[in-house]
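The transmembrane segment feature in TrEMBL is assigned to 7-25, 31-52, 72-90, 110-132, 139-160, 180-203, 215-244, 264-289, 301-321, 341-358.
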């Protein structure tokens, strides 16, 4: 995987479902500031993951756990992260199933929509990270072109009202910080932890670190810009009450009597980003389980195991909530606080400390054995 391919995957991944549901909307007209604050927190988490990988060169996250804690503690922790990645792939699959049902296929069962999507995801996972990286490189160019045209048309539609941004910081920084942490920090920026599973496939490690920072910054700025567009077009009331804010904003586009109803292009962009987010989470879980089952060998997994895990992800996506409002509430309020914080912050910090301790012990041991 080249650095440019890594950049493409990070941008598509970070935009993924966060651009669909809307980010930090509880900050109302200051939501775009909360997204930028979340980006700063995400960069701190990215630094944490980079430090871990520097102490485990050429290893994935699951291999780092075994190196730091040994087989008996490291493998259960690695398994927990595999389950975590697969669970998140099911959550994002549910997001996009709901998007398609709401916008394009209202009379189709969600089970059928999600089944078609998981089959395409399974195909991408079997092809491997190399094929996905090459595809991401191509799709990023297509998405950028369509998105730029969409922004230009939206601005010409005269639906952006600057008064919707006022008053800025009406209640101070408190609502901004509370919207940024833990929600915006962990979703989507902290979810970049899944890329630690693909570090053995990087061609240039040093350049990859700069690329990862660049990809997160670009995606964060795009998310803040899209959030600002939604605020300007919908206002705070429309933003907080819209199920899919960007889709509602796109529905307002009208240039003359010939250019309108462009939601189909928006749905296409959202599905592309969602696909890469789901498949990267899914592949991260599959690769981790393969390393556990095949004694730490990266890239080893059977197609049968991959198919069974795809079936499990599809089933969980249907059973995790009775309705989309319930699903969104769990994903935005409960998961960031009780799942993301331990998996993205607490355990990685403990892992980093243990790796440093082992490095110090090994350094002292080598010093004593030297003549």
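Here the Cβ of each residue, glycine as well, is placed from N, Cα and C on the backbone.
Note that the structure is predicted; figures quoted are calculated from it, not measured.
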Range from 7-25, 72-90, 139-160, 180-203, 301-321 with most C-beta pairs under 8 A to the transmembrane segment (110-132): 301-321
Close approaches to the transmembrane segment (301-321) from elsewhere in its chain (Cβ under 8 angstroms; 6 or more beyond its ends): 86-87, 89-91, 93-94, 97, 110-111, 114-115, 118-119, 121-122, 125-126, 282, 285-287, 289-290, 293-294, 327, 330
Distal contacts, the transmembrane segment (264-289) - CB-CB under 8 A, six or more residues away: 9, 12-13, 15-17, 19-20, 60-62, 78-79, 81-86, 88-89, 92-93, 95-96, 99-100, 103-104, 117, 120-122, 124-125, 128-129, 132, 136, 139, 142-143, 146-147, 150, 191, 194-195, 197-198, 246-247, 250, 298-299, 301, 305-306, 309-310, 313
Top Cβ-contact partner of the transmembrane segment (180-203) among 31-52, 72-90, 215-244 (pairs under 8 Å): 31-52
Among 72-90, 139-160, 215-244, stretch most in contact with the transmembrane segment (7-25) (C-beta, under 8 angstroms): 215-244
Stretch with greatest number of CB pairs under 8 Å, the transmembrane segment (31-52) reference, 72-90, 139-160, 215-244, 341-358 candidates: 215-244
